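Swiss-Prot has this to say about the protein:
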BINDING   GLY53, GLY105, THR106, THR107, SER175, GLY422, ASP492, GLU508, LYS513  ADP binding site
BINDING   GLY53, THR106, THR107, GLY422  ATP binding site
BINDING   ASP104  Mg(2+) binding site
CROSSLNK  LYS20  SUMO2 cross-link
CROSSLNK  LYS210  SUMO2 cross-link
CROSSLNK  LYS214  SUMO2 cross-link
CROSSLNK  LYS265  SUMO2 cross-link
CROSSLNK  LYS275  SUMO2 cross-link
CROSSLNK  LYS279  SUMO2 cross-link
CROSSLNK  LYS392  SUMO2 cross-link
MOD_RES   ALA2  N-acetylalanine
MOD_RES   SER26  phosphoserine
MOD_RES   SER346  phosphoserine
MOD_RES   SER539  phosphoserine
Amino acid sequence: MASVGTLAFDEYGRPFLIIKDQDRKSRLMGLEALKSHIMAAKAVANTMRTSLGPNGLDKMMVDKDGDVTVTNDGATILSMMDVDHQIAKLMVELSKSQDDEIGDGTTGVVVLAGALLEEAEQLLDRGIHPIRIADGYEQAARIAIQHLDKISDNVLVDINNPEPLIQTAKTTLGSKVVNSCHRQMAEIAVNAVLTVADMERRDVDFELIKVEGKVGGRLEDTKLIKGVIVDKDFSHPQMPKEVLNAKIAILTCPFEPPKPKTKHKLDVTSVEDYKALQKYEKEKFEEMIAQIKETGANLAICQWGFDDEANHLLLQNGLPAVRWVGGPEIELIAIATGGRIVPRFSELTSEKLGFAGVVREISFGTTKDKMLVIEQCKNSRAVTIFIRGGNKMIIEEAKRSLHDALCVIRNLIRDNRVVYGGGAAEISCALAVSQEADKCPTLEQYAMRAFADALEVIPMALSENSGMNPIQTMTEVRARQVKESNPALGIDCLHKGSNDMQYQHVIETLIGKKQQISLATQMVRMILKIDDIRKPGESEE
């Protein structure tokens, strides 16, 4: 009892509790708590709303160290936002879970959750209980997800005909910084995924796709390399710049003479001793180099470094080498070349060598930067997307954009059903939910109508960001959908003169759209069930 507060009695002997540090705690209850939550969620959603769609604007995020990030990716914007409010933090988590699960649609899910809470606020003002609103939203989400199944189309996932996959990837990349060359980027992403995809298991191992970037050149110079790029060069400038039919020894053991395992000290008292030590080291290095060459290897890739003496001997013996290659790259090289990683020098045999058709060094512009490209590998299922760009920010944003595109293509390989974008799916779902709401005899029908109105916020935001009159555009498209019974009619964001998203090839994955609706609804349900907040005051913190 003492930890909570003290028990006291009034003049009539009735007990009451004096809560400890009550003056230093802040507390919100009931409707006031709900309104506080809704306001915080709306603030986050409104920030994200202008980033939605192909004409969405980018955000510049500056962190505490002064590093600048310019991005259009919802998950990145929210993860870099400095938010204090506990509900705003939940919105950040919501976007992250969409990113982890689907990879795309991170902005849309936050905008939808914000719209649902905004509608819930109006229902609360009308005196409807939050649990009834939450139940109505749950029913409406179920109807919307069932309706998405009905209006979905199947896309042919075929290695010989990648065009449908390219169109879907183009939709994802349309709102990104790379949209000036989004056809090329979409093709690169599709080719990368199809190269590493396991079509029998309908799965893609992203570990086999490496995305590298180098400042310089233009975005259009980005290319897909069927092999591995390592941000290293040959250890000696006089080594050959290209090795053909490379047999690669992949070493994770130190390339140096063996040392005693115990703590030891070496006393060198004369010049002869020093020369003897030098001779021993040289002989050991030559022995190691001979051992590598005996296996038939003509290239050594080491995780650790080696000194200049060893480097010079490697050059003299005509064995090109690369040093200080990181662990993940070593693994990728081993997968690509079909080689085995050698942790002990004594275990090196010819069976453990990797094979690559060509290993070459590439240099960039006038800088001294060099990279190694390992191509024509034994296992062609490891690929690298090599991005070029004018500055570091563009390259980082291009990496994020390509990540979204790769995720979307992977989702299509797993489940090849799609719905049409441009707000078409949301308008169609809103109409379906409204029709069901009319048949609902209970109080939940108000929440279901509110859910339908919230779904329409997505197409309205798209038209607003494209410089159109949102209400007029929205009502015209909705009326046409009802009249023509065509769920592919959406907002013509790119001003192509047609509202038919099937004709414009604006395609989104069904799995991503379903996830958006269910995640946003779960989040809103959780927020509506909170009616009391207690947190420490400033002095207690």
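In case you wondered, yes, glycine gets a Cβ from its N, Cα and C as well.
A sphere of 10 angstroms centred on the C-beta of LYS275 (SUMO2 cross-link) encloses 11 other C-beta atoms.
Of all the binding-site residues listed (GLY53, GLY422), GLY53 has the fewest other CB atoms within 10 A of its CB. It is 9 Å from the Cα atom of THR107 (ATP binding site) to that of GLY53 (ADP binding site). The maximum pairwise C-alpha distance among GLY53, GLY105, THR106, THR107, SER175, GLY422, ASP492, GLU508, LYS513, the residues recorded as binding ADP, is 21 Å. Cβ neighbour counts within 10 Å, taken over all protein chains shown, single out LYS513 as the most crowded of the recorded positions LYS210, LYS265, LYS279, LYS513. Taking every protein chain shown into account, THR107, SER346 are the recorded positions, and of these the Cβ with the most other Cβ atoms within 10 Å belongs to THR107. In the three-state DSSP reading, LYS513 (ADP binding site) counts as helix. Look at the Cβ of each of the recorded sites LYS214, LYS392 and count the other Cβ atoms within 10 Å; the largest number goes with LYS214. Each of the binding-site residues ASP104, ASP492 was assessed for Cβ neighbours inside 10 Å, and the highest tally belongs to ASP104. Considering only the recorded positions ASP104, LYS392, GLY422, ASP492, LYS513, the residues lying within 10 A of LYS214 (SUMO2 cross-link) on a C-alpha to C-alpha basis are LYS392. Of the candidate recorded positions, ASP104, LYS265, SER346, GLY422, the one lying closest to LYS275 (SUMO2 cross-link) when CA atoms are compared is LYS265. Within the same chain, the residues at least 6 positions away from THR106 (ADP binding site) whose Cβ sits under 8 Å from its Cβ are ASP73, GLY74, ALA75, LEU78, SER95, GLN98, ASP99, listed in sequence order.
The residue listed as 'Mg(2+) binding site' and SER175 (ADP binding site) are 11 Å apart (CA-CA, integer value). In three-state terms derived from DSSP, GLY422 (ATP binding site) belongs to neither a helical nor a strand segment and is classed as coil. You'll find the Cα of LYS279 (SUMO2 cross-link) roughly 69 Å from the Cα of GLY53 (ADP binding site).
Residue environment of SER175 (ADP binding site) contains 25 other Cβ atoms, counted within 10 Å of its Cβ in all protein chains.
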